[in-house]
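Listed in Swiss-Prot for this protein:
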- G236, T237, A238, H329, N334, P335, R336, R347: heme b binding site (BINDING)
- 1-35: signal peptide (SIGNAL)
Amino acid sequence: MQYKDENGVNEPSRRRLLKGIGALALAGSCPVAHAQKTQSAPGTLSPDARNEKQPFYGEHQAGILTPQQAAMMLVAFDVLASDKADLERLFRLLTQRFAFLTQGGAAPETPNPRLPPLDSGILGGYIAPDNLTITLSVGHSLFDERFGLAPQMPKKLQKMTRFPNDSLDAALCHGDVLLQICANTQDTVIHALRDIIKHTPDLLSVRWKREGFISDHVSRSKGKETPINLLGFKDGTANPDSQNDKLMQKVVWVTADQQEPAWTIGGSYQAVRLIQFRVEFWDRTPLKEQQTIFGRDKQTGAPLGMQHEHDVPDYASDPEGKVIALDSHIRLANPRTAESESSLMLRRGYSYSLGVTNSGQLDMGLLFVCYQHDLEKGFLTVQKRLNGEALEEYVKPIGGGYFFSLPGVKDANDYLGSALLRV
């Protein structure tokens, strides 16, 4: 006797019987299966994670010091606003949408079915906050002649120029504004983007977009675990403590003593780099060489010659680089000197995977994002130290830009960029 399987293919009854026996045997070999039913399986969210939310109003925007969520998107836009009043309308509208999307609520009902639906519907009838943050930053080009904002441009904001190892694609660089959208799940990120685009058809045009991720279990650790990049190394071990308010005032936020325009206080310089990895080449590189290039043990993340990930390397006792090479990534990025302390920055990077290149290689890498109170002392100084590092053979920056993340929204009567546009 024969039966048809789920694909409509005839299957002998004996084979079906063996499948059933195998399934029972497998179930019998897992005595803890019932005990695990109440727990979240790896890669899934706990039942209440969709209701997790970040405060929207405050001195600073969320999404900068916020522990990294699992899903992320960078979207750069060209602004279509015709004048300063139109730009204010855009920023007010973005503030309204961000406030709703990040706090959650019922999806709007469409009163007339002959009209387009008011919501994409991809989250269902209730839009859960899902730990969503949307961080708005402005680029150098927003301060051109269109809106009369040139005198108010942040002092260190500039157009990203090419470093020696860069292979920049103009279609993936710069932007009048940049949104960093992060949430526990990717569908929430996509829903937020579509909502924003739907509400701003005459004000914004997408320039470029990239989506990123970190491991779900790393995200759920709320900063206690370090993300691992697609080269297999921990990424962000030496980050300053984002929960230390005094340190963040020194490292991340623009303050009143910096001689910046007054409206920038509470904001932060944002550097974004889209970095493609040559993963096939890297995977054929000996482990010892990989570790020498980074200066860390690949499995533990510890500096070479040390035991634990967060051990502080002692470069003074290794002046010739016999343990940690002089051109290793960690030694160049942070030499641990009194002078280099001023170049600290808060990294918030994500991995990306985007199909294959035209040459048939895997297109994957890092969406590097960092925040600092001074772009020149922070990212630009660090990147100049990294020029010529051994890692350059395996990585290729292809896009990004420099932006300024606006200060936060005080309350429901305020809006993003209000201090800038009221000058």
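Every residue, even glycine, has its Cβ placed from backbone N, Cα and C.
The shown structure was predicted, so the numbers you read here are calculated from the model rather than taken from an experiment.
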Validating a neighbour-count step here. Other CB atoms within 10 A of the CB of T237 (heme b binding site): how many?
17
Cβ-Cβ under 8 Å from R347 (heme b binding site), same chain, 6 or more residues apart: which ones?
D235, G236, N239, F368, V369, C370
Within 10 Å of the Cβ of N334 (heme b binding site), how many other Cβ atoms can you find? Include all protein chains, please.
18
Within 10 angstroms of the C-beta of A238 (heme b binding site), what count of other C-beta atoms is obtained when all protein chains are considered?
18
